[in-house]
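Peer 1: Quick one: structure below, then a few questions.
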């Protein structure tokens, strides 16, 4: 393509800008349609329905602001959020590029938590939140730094540091010129060629462009029309005149993504009512140290029931709804849902996107209720192509060979017009099998057009195919998408002109996935450098490099060659005068760099290894100005612009450059903590240059490009003659960062301006470094309270900041104890600790030690000690008391605090995961960076899962065990309310361990309200249709991050996207596969794009989380947690209460850090049998017979019981094919078997569904006495133990889509693989499962923990016996097994297996069919009488399965450590 052609962008439409620029009250329906057609292409609105999106299009506004403009400040009321169209925005440590959204509210916080600076001239869409009353945390208050609407700072009564004159912010933007619109030139145009925005804009604009551009959207003055119209937008973003309110009613918990959180009277009353029932009875003592444990029987300590019933019990099954629609009734939203659901299925994996779309438009939905139904008879004509979307089927061929098809497999007609017949008999193997069918004629027509959509590009010399492109249609746009190609072609496509309407993420996907097929990234960068020399590609290459650095800075940090190329590119930007791009590059490098530890060794006669600049005397950190070659520093990777954070684990913020050099030359071994900070380094160099005499001849450093000098203003306000607009932008950026950190210092403005150096702030003395602009919690009052003792054991509570030093604490303590007459140098702060052995240790703290509240242990106290005395501060008789205070047990801890601490810890790891870690882990790449945080996140899931089982099985008292079970259910519920689904699922998995489920005496003491609570959580993770309910809910809450997703689901999606698609196809890179993986990773990364405001999220569910949770947690990441603004009402809390709250958090942290978990299934079984021995029955055979006779009646289809689907009952009666247990169609029109006598099965299905009716279960009449007896036993899981003998057990396969556990068998000589339900446990050691070749591929040195959670109570809480097998039935999934993959890296499986200690139990062989284990051959309690055939099994006359030959899967087997063994009681559930 010609690079000189205009760029194509997702919103590059002059009509769009013409419509958007119009005032909202002047827009016509055509204008709204123009805005809608463009916005619907953005990822921000990908999950938004038509109604809410059109409502936004009516009120969305256009704004354009100059570079260096402060859009909003920390503390301002958030009245709107933004979508960037062009330019770039800096918010804390993140740079936002075009088409990214920013400025959204977090939870119920209605105030900004960060400053926002425009780095370039930027255009944006402004979306106002609905107006709300001033209540709910919105009481008027003066922000920490008051500003006018133009961004001009105003002086407040309390002296604060003011930013320099920012008059540039108030400059009104001129109206645009007459079309065609020329290129925009920034203020630095005189210095060099101006860069284009990262993504261009249309070249023509309307003439009636408004001259008066609106000011910041945080302005309190808005047009009266906007105020009037915004009041008409409901909470879900739907306007009053829309007719799709029912469709988005389930999204009522959403707010920000569809226009905000309107706090109307109903929602306010609901929230207040929830708090009155959920938190008002939570007394003050509940947060104290001793009374902090919430009572299990207190309703007030329970999570809010209303929040659950509204947001989780009513989850729709959107996939089912879309499938049940007539093909002609499906719209674009339905199509998007179906494409997302089908993309992971093997039948669709190799098909082009255009073919998938056509198939989804033609497919019809069919349901087979009962297992054993004949779906296709032998020699029956095939008139459709079918895909299994739930369940599995089996084909028995005339030769006796059996072939099984599982979820995602296809069968039926081939895409040829010839008549085809089916060989063999196909039967369903489980209940509720679901299929999608495409008529043979339509299937042939669609598949015949594959060649029409694919174009191949061949080399002009060799004729070899170098790329394949597919023509796709997205909305109203049609364009070509590169799907396969040679590496060189993929690289060159970075600078080719692409149609961004149909392929907007190619650059992002390539920069993430190139490592799969290119080992050396320097080849890519060198080509970019060559293209940079061409003026045609220069701006485009500059944007590519900036995007690369901003998204994957670890590619440069861990590769010295890449770092050198980046410095070359930096010099090229300076040479060509591209200062704006260079500024962005410096900012990106500074904010994305991470601290690293370097160990330097030297000999006595070695010279200096590096040259340093800065230091305390200049008000800056110590920076590395130059690294000398052939030194230890060069070999260890020390770089120019590295900031020195620590030297031998001591802070370097008070070091001067001379002192640092002395340390380097005077030590033979040094441990340095370094962090690259180009921005701070260049500011330091700029200050040095500015302070030099004009005739000075000294150099600032060899080879240091002085690109962005920052010149300070004098007292008179005159700037240096060399100050330009670029330096003004950098000065303003640094001033914003500094003022945000110094706003609580009580210094006058005059004193700060007249100071030659920047005064260190309270929160960060080294303020010149942008890398130190970290602070998840910024409070205007002291965050901590210390309890300081004297030697007479009297104490005082002292409010302190996190940065208050030990020396300051001594001074405060002397004042509190009225000892001001004594000098503070005579006193010191000591920490007295009592060890487990009763030994009292005492140490004096350094005067400069900070963060004292987090440093102290539970078995320690702070004492005020006179330096002239040597008496012991803690007498011996107090030692036992200190040890008793240090003891922590789970039952004594507050469940909500435990859940919140788990959430913060998990999110701190999850948010630190780099996107490249997923690729490195998935493809097993040999990367220098690796996947450290991803592996840590994997371990967290396993640790939390094993912790639950260990804690319960360790407790020997049955009452306490029951309380522990209830405590864990509450913690899981709170985790769900906090959107920590990972910990929620881990806790559920721990509760569903067989060692826990078998504890009958404990479960029968768990009240029904906790069982209902557990059932609600189980419904959220219903495994049917690939956990569609969880995925739907995740898609909704993902619009308002943060969220901690379920890691096993992420791992499974990535694994099957990798295994189900080839990386190479005909010597070409299958980039479509890499797109799919990159899309999944991109969605996961968005979940951690905002910090946790955990207090607001807790209030949303009716609870209250103390501020101490955030104050007592220091994280490596800056965006882990944040405080809600406007918390002044909590500043007057008593010191004692604040201390007790912090003490509870310290106890929770100490408990979680000291967890000892048992990760061995057999050991847990032994512990479980020890605390609750197996109850032996007298007549197992009779018991089995009675069990077999209690068979449930046939259950209706899930959609008939699904209350989540709007209009599901009506559509189910029209569009579902229902079959009874005998194989006949349940309809008024006939009873013939499915497809046996009909040559046109599809037409027959479509005609029969009009008259088909749902088969309901007959009502069950029970007497009150029976109900009472049943209610006493309903919470007891019917599990008798894990029985095993020396006979071997069979391996278990993991189904890709539903995460169900199915069994197959295979001998050492290579028996035929089985992916279905039948399996024999032969020749496999106990507790060992294997994966098949079409499942997860596991290396021999890795293993997977198979998590199989089930309902522990065994029965439905609403009926004595659960009647339905449908997971959609409320409370009726007790007999199903939620099988999930915890695909985590664990230790290699041992070569020798521990023998089962319970050899006297007999072996059970069984089916695992659709989540339900079913017996086929039993000995012992699970024996079935001969006349009873377990439902769902093939006939008993089925021939014995002969072993086949399948050697490939044997070579790919990996041991799954400690998997779950099915007990006889489990398989007896029929």
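Glycine is treated like the rest: Cβ placed from N, Cα and C.
The compositional bias 'Pro residues' annotation in Swiss-Prot covers 173-183. The annotation compositional bias 'Polar residues' is assigned in Swiss-Prot to 256-266, 1176-1189, 1260-1274, 1282-1308. For 347-463, the entry in Swiss-Prot reads nucleoside 3',5'-cyclic phosphate binding site. Under the heading domain 'N-terminal Ras-GEF', Swiss-Prot lists 478-592, citing sequence analysis as support. If you look up Swiss-Prot, you'll see 597-679 marked as domain 'PDZ', on the strength of sequence analysis. Marked as domain 'Ras-associating' by Swiss-Prot on the basis of sequence analysis: 782-869. Positions annotated as domain 'Ras-GEF' by Swiss-Prot, on the basis of sequence analysis: 894-1124.
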Peer 1: CB neighbours of residue 362 (nucleoside 3',5'-cyclic phosphate binding site) within 10 A?
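Peer 2: Its Cβ shell of radius 10 Å holds 18 other Cβ atoms.
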Peer 1: Give me the DSSP three-state residue breakdown of the domain 'PDZ' (597-679), ordered helix, strand, coil.
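Peer 2: Going through the domain 'PDZ' (597-679) residue by residue, I get 19 helix, 34 strand, 30 coil.
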Peer 1: Check the domain 'Ras-associating' (782-869) for me and report the mean pLDDT.
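Peer 2: Here the predicted model's pLDDT, averaged over the domain 'Ras-associating' (782-869), is 85.
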Peer 1: Counting other Cβ atoms within 10 Å of each Cβ, which of the binding-site residues 347, 392 scores lowest?
Peer 2: 347
Peer 1: Quick one: what's DSSP say for residue 362 (nucleoside 3',5'-cyclic phosphate binding site), helix, strand or coil?
Peer 2: helix
Peer 1: I'd like the number of other C-beta atoms within 10 A of the C-beta of residue 422 (nucleoside 3',5'-cyclic phosphate binding site), please.
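Peer 2: The Cβ of residue 422 (nucleoside 3',5'-cyclic phosphate binding site) has 19 Cβ neighbours within 10 Å.
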Peer 1: Looking only at 377, 407, 437, the binding-site residues on record, which one has the least crowded Cβ, with the fewest other Cβ atoms within 10 Å?
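Peer 2: Lowest Cβ count within 10 Å among the binding-site residues (377, 407, 437) is 377.
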Peer 1: Per DSSP, how many helix, strand and coil residues does the domain 'N-terminal Ras-GEF' (478-592) have?
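Peer 2: With helix first, then strand, then coil, the domain 'N-terminal Ras-GEF' (478-592) has 76 helix, 9 strand, 30 coil.
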Peer 1: Are there any residues in the same chain, six or more apart in sequence, whose C-beta is under 8 angstroms from the C-beta of residue 452 (nucleoside 3',5'-cyclic phosphate binding site), and if so which?
Peer 2: 471
Peer 1: Run through the domain 'Ras-associating' (782-869) and tell me, per DSSP, how many residues are helix, strand and coil.
Peer 2: 18 helix, 32 strand, 38 coil
Peer 1: Provide the three-state secondary structure of residue 422 (nucleoside 3',5'-cyclic phosphate binding site) computed with DSSP.
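Peer 2: Its secondary structure by DSSP: coil.
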